[in-house]
Structures are given as structure tokens and as C-alpha cells.
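Everything below concerns the one structure shown next.
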Amino acid sequence: MSWDDGSHAKVKKVQLTFDEIIYSIQVTYDGATALQSQLRGSVGPKSAEFTLAPDEYITALSAYGKSLSTQEVITALTFTTNKTSYGPYGTKSGFQISAPEATGKQISGFLGTSGNVLNTIDVHYSPIPTGGTGTGGTGTGTGTGTGTGTGTGTGTGTGTGTGTGTGGTGTGTGTGTGGTGTGTGTGGTGTGTGTGTGTGTGTGTGTGTGTGGTGTGTGTGGTGTGTGTGTGTGTGTGGTGTGTGTGTGSGAQKLEAQGNSTGGTSWDDGSDYDGVTKIYASYGGEGIQYVKFDYVKGGVTKQGVLHGKQQSRQNPREFVINHPDEYLVSVEGWYETVMLGIQFKTNLNTYEVSIYPFEPSTDTKFTLQVQDKKIIGFHGFAGNHVNSIGAYFVPKSSTTPVPSTPLKLTAEGGETGAVWDDGSHDDVKKVYVGQGQDGVAAVKFEYKNGSQVVFGDERGTRTLLGFEEFELESDEYITSVEGYYEKNFGVDTVVTTLIFKTSKNKTAGPFGIVSGTKFEFKKEGYKITGFHGRAGEYVNAIGAYLAPSGTTPLTPATQSQKLEGAGSEAGTLWDDGAFDGVRKVSVGQAQDGIGAVSFVYDKAGQVVEGKEHGKPTLLGFEEFELDYPSEYITAVDGTYDAIFGNEPIVNMLRFTTNKRVSIPFGIGAGTAFEFKKDGQKIVGFHGRAGDLLHKFGVHVAPITK
């Protein structure tokens, strides 16, 4: 059932019931009297409510929704105000929809559809109330003189020079009903000499006599093409002056907007940039709903303005352009009354957003491109959709820059799920892939920055099948990732398969079922250094960061050395990496040997807690804590042995520091080993483990004062 609360003075209170989806919403509004809407939906198992302060307004709404077999449902809601945010309520799954913040606007009402649950939701915007305003009085005065009149509030006017005639609108405080102002009037417009940019028509402000402010004086020259100092004179009535200037232009070539330029409002981002760094776009409804661009100037990122309209049902896309190594060379698109599809082409990639493929019989196609030039800015027309688009071009650099920043490759797969981004690191250390019934359910990655290990978050929702995993050696890196994605019945588009290839000609995978559309992330001479994508109940899309395989680490590593471990090859490989030092050792014993170990390290004065390796038993852990930083481990000795014909396990460990020796953890039996190197201290550990500790090794680094 459709419903519409209408628009009100402001939202006062919001009440929700929910579980994994939103069951109902009920809103109380402020007005002449408080008005409570009907319950939209039905009562769910969980409830929440919040009340806004008198000077607090809802400025944005973020929602998630999904399509079930019989209906669409809202799964999560987050409300943002001018002071804080409330939520999320429900579970973030499915596609994201939003009512974004609009300058000077508040969300003053809601509308949507509901039955037993909340199916859809949209909003009404209205201006945020301000203090009393009005038009200042019209005064009689000279130039910047004062005027008296009757008006409400505060008026603003500017004027320069003197003249006799009708004064400008005043700014200030005066007498009169509602606040008649005395202040600065709008001065005359006259004929004068001005400084301008390029060649154009200028407005002169000066001294004059007459009604409407015509006079003679000094004015500002016109704005034209190029930058320079313009000198000229002009005579104008009602604000028109003519100026002539000379100067050197910026060199940007403006190609006219292509599309339907009769609809929407003109917009122009200008051309005072070095390049484009990010593209935002969305499709839905009749075509491309909006575009937005981020630019860079002198190394500083400048965020552009959204052109078009964000709507409740949208399919947002974001494309990162890795300036200065990557730059836009052309734009292709097709349209009817509004833009239906746009392709942004760089020297490295093609990024596309479209609602329909190009249809020659009905659509008009265009290309914006200039030989040996790149795009540094955009302009066009837009209303509820993007009507047309044009571009500014400048010559490409005569030299090709050496890649200095990682390349971010666009995620492949579906458009639903929440955006996630691990960023770029020195290397990938470990990969976890969890499978589900319809595809890859979850992924998780560990990275290395210098000697520090960075643990990425779990992306997606793991199933009872858990994770499959593989760990790279210290001198090994991922050279390519292959995969497949497809849309299954009743399920959003998901990644179905992942395959990882390394610098040592190893292949991990395929993880999942090979089915659907194939993709690959690979570039000669580059390695994979990070991942990003979209995920909800499944991994909907995945992308990668690439960096030259000889890239200098983001964080210089300690001058450490990895000593080969002692024990067997059973279990799973683990490696904590190298740190500044060890703060605490924890050893858990089992019936037949060492069950598990974990360590606490120090990195630049920060405590770093390592993971447990192995499987703890009911015996728990014994601990050996160091007096860090004055105390450090200089040696580790132990033994390993095969029990009842099984793979050997580590059955004893003992730690020696520059001050003392720990107790032996376990019972020594079998083959003895020791890790020790003159002038070095132990700064990290590695090995192999399953239900027991099968192998143990160390990282060492020079002892420093």
C-alpha cells in the first residue's frame, strides 16, 4: 500500500521496528501541533526510537533494500542529522539507496509503500528554518549612503561611489516595522577603466547621477578567454560596461556539450585543474541520473559538485583515476532526451555507466576527443537526469611519468552490496576465501607494510563451510587474480570463482564453481597489493590494487632475517612477521606436545597482539613476560618428535633473554633445535600449526642501543 506523510515543519520523533529487515516506521512531526503518522508496516521483534532536539534536523537518509521472490523490502535505515546519526537499524544487505544531504535542506516528511513490512521509502525536502528575514528598506542617499524605509529583516546591498538618485537596498539596523535598515546601498553602474581577465564585457562601478545608478567611474573589466590584465573604458546604463583586455590564455580547449541541451540547467566545473581523479555516476529511471567529478590542482584534490539528482532507486558507480599516471583521453556516450550511457576512456582503462546498450535505431551517439590532448574538466546540462556533457582539453605531458602510486582497477561483478576497500599495501600475505551455495560468500586478506602485518576485515558473510586459505612466502607476491561472476536465480550478481597466481608460478584455487562472466586483474611488471569491492550476504564484486613489482615498501622494513623453522610440514603456514621486539610469550600445552602459541610484540612503541597459532586446550596458556624494552630474547631452543607415527610436532620450547632463561614449556624429547645469532635479537616468529604446533621458526634483527 502506498502512503505519503506529506511535508512538515520538521521531524520530531522516529519510531522503528525491525529485525533483519525493517518492519515498520512511524514518525511524529512538528508543526502548529505535533502530528503523529500512522504506523507504516507492522510491528516487528525489535524496536528503537529517537527524538530530535528543537534545533536538530534530519539532513540525509541511507537505506538498503533487496528483492525477495514476492516483494521488495527495506533491510536497513540510517538517519543523519545536522548533529549526529541514528542507526543503522536492521541489517545492511542488498542494494544501497539514499536520500543525500542537500545544502540548506532538511528531510521534512516521508513517503513509500508498506504491507506487513516496509517495502520502499522516499523523502520530502524543505528548507531548514532560519531567523527572521526580509527585504531592507529602500533608502535615499548618496552612493554608499543610508536609506530609510519600511521592511522586515535585514537586507544586503553593495555599492561603490557616489551619485544622486534612488539609493540601494540597505544593510544594517534602523527603525521601522520589522526592521528597516540603514546601510550600504547599491551604487551606480558606470563607465570606467577596469582590470579584467581576457577579452569580454565588464561591469563598471563608479560615480554617477541618475535613477538606476548610471555614472562614471572605475569598474571591473570583463571575463573572457585567457588570463591577463585588461584595460578599457565603457559606458553603460543599468550595469553594462565594455572593457578590452589582453593576456595569455590557459590553453584549455572547450568542446561543446553533446546531448539534449534544451533540458535541465547549465553547469560548468571549469578548467582550472591538472586532471580528473575520480568519477561518480549513477543510472536508473530514464537514464544516467547524475555525474560528479573530483579534480586535482597542484597536488590538492578538489571535490566537484553533483550534476543531476540522486534518487531513491539508483545504481551508483565510482571510478578512481590514478593521476598522474592515468588520465582521461575521451568520452563516448549515447542519448535520447536524456543521457542513456557514458564511457570514460583513460590511457589505461575504460569505465562505463549505462542503463541500456547503444541502440542505433533510436539513440544518438557522440565522442568527445582531441588528438594528443587529455580531459581536465567537464560542463553540460542536467535536471533530474544528465541531459548533456562536454569537456575541456589540454595537451598531454610530453613525457610519460614513472608510476608513483598504486593503480586501482575497477571492481568486477554486481552493483549491490556495501562498498569495501582494504587500500593498497606493500604485499599480500595471506588470502582467505569462504564459499557459499551460490558463489563466494566471503573473503578476507592479510597484508604486509614493512615488517608490520595488517589484518583486513571479513568481507561478505561466511557460511558453515568456513574459509579456505593460502599464505604466501616472504619473497612471494600475487601476480594476477582471475575470477567469474554471474546472476543466479533469486540472488543478486555474485562472484562465483576466484583464482590467485603468484610470482613463484603457484596457483591457488579455483575457489568456487567456474561459471559466468570471466575477468582478470593483471599487468606486466606489476603485483597485487590490495583489494576492494562490494559485499553483503555474498561477495558481489571484487577489484584490485596494482603496484610495480619493484615498488619501495610503504613502510621501510626492519633489517630482519627469517631463520628457517624446525619441525614438520604438516598443518597450515603462519608468519607473524618482524617487529621491534617481543613483549610477551604465551605457550599452551597439549597431551602430546605444544598445542598453541601466541605472542605480543612492540612496533614503534605500540603494542601489537599476534594471533593464536594452533589449538588451545583446557590446560590454557603459560606466559613469559619480558621487561621490554630493556629485555629482549636472544635465543630459543626446543625439541620436536613424531608421536605414534604421525607427523612430527614441537613438544618443548624455551626462551633465553639478555637477562634470564624461561622455564621449559613442554617435555623435551626427540630432535633438538636452537635459534641464535650473534649480535642479533629475536623480533618475530613463524611456523606451521593445525591442532598442534608442527613447526617453529624465528625472525632476527640487529641489537640496537
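Keep in mind that glycine also has a Cβ here, set from the backbone N, Cα and C atoms.
For 131-250, the entry in Swiss-Prot reads compositional bias 'Gly residues'. Under the heading domain 'Jacalin-type lectin 1', Swiss-Prot lists 1-127. Annotation comment: Swiss-Prot describes 252-395 as domain 'Jacalin-type lectin 2', evidence class sequence analysis. Residues or ranges marked as domain 'Jacalin-type lectin 3' by Swiss-Prot: 406-548. The feature domain 'Jacalin-type lectin 4' is assigned by Swiss-Prot to 560-702, with sequence analysis given as support. Here Swiss-Prot flags 128-271 as region 'Disordered'.
For the domain 'Jacalin-type lectin 1' (1-127), the DSSP-based tally of helix, strand and coil residues reads 0 helix, 82 strand, 45 coil. With DSSP classes pooled into helix, strand and coil, the tally for the domain 'Jacalin-type lectin 2' (252-395) is 0 helix, 91 strand, 53 coil. Here the domain 'Jacalin-type lectin 3' (406-548) is broken down by DSSP into helix, strand and coil counts: 0 helix, 92 strand, 51 coil.
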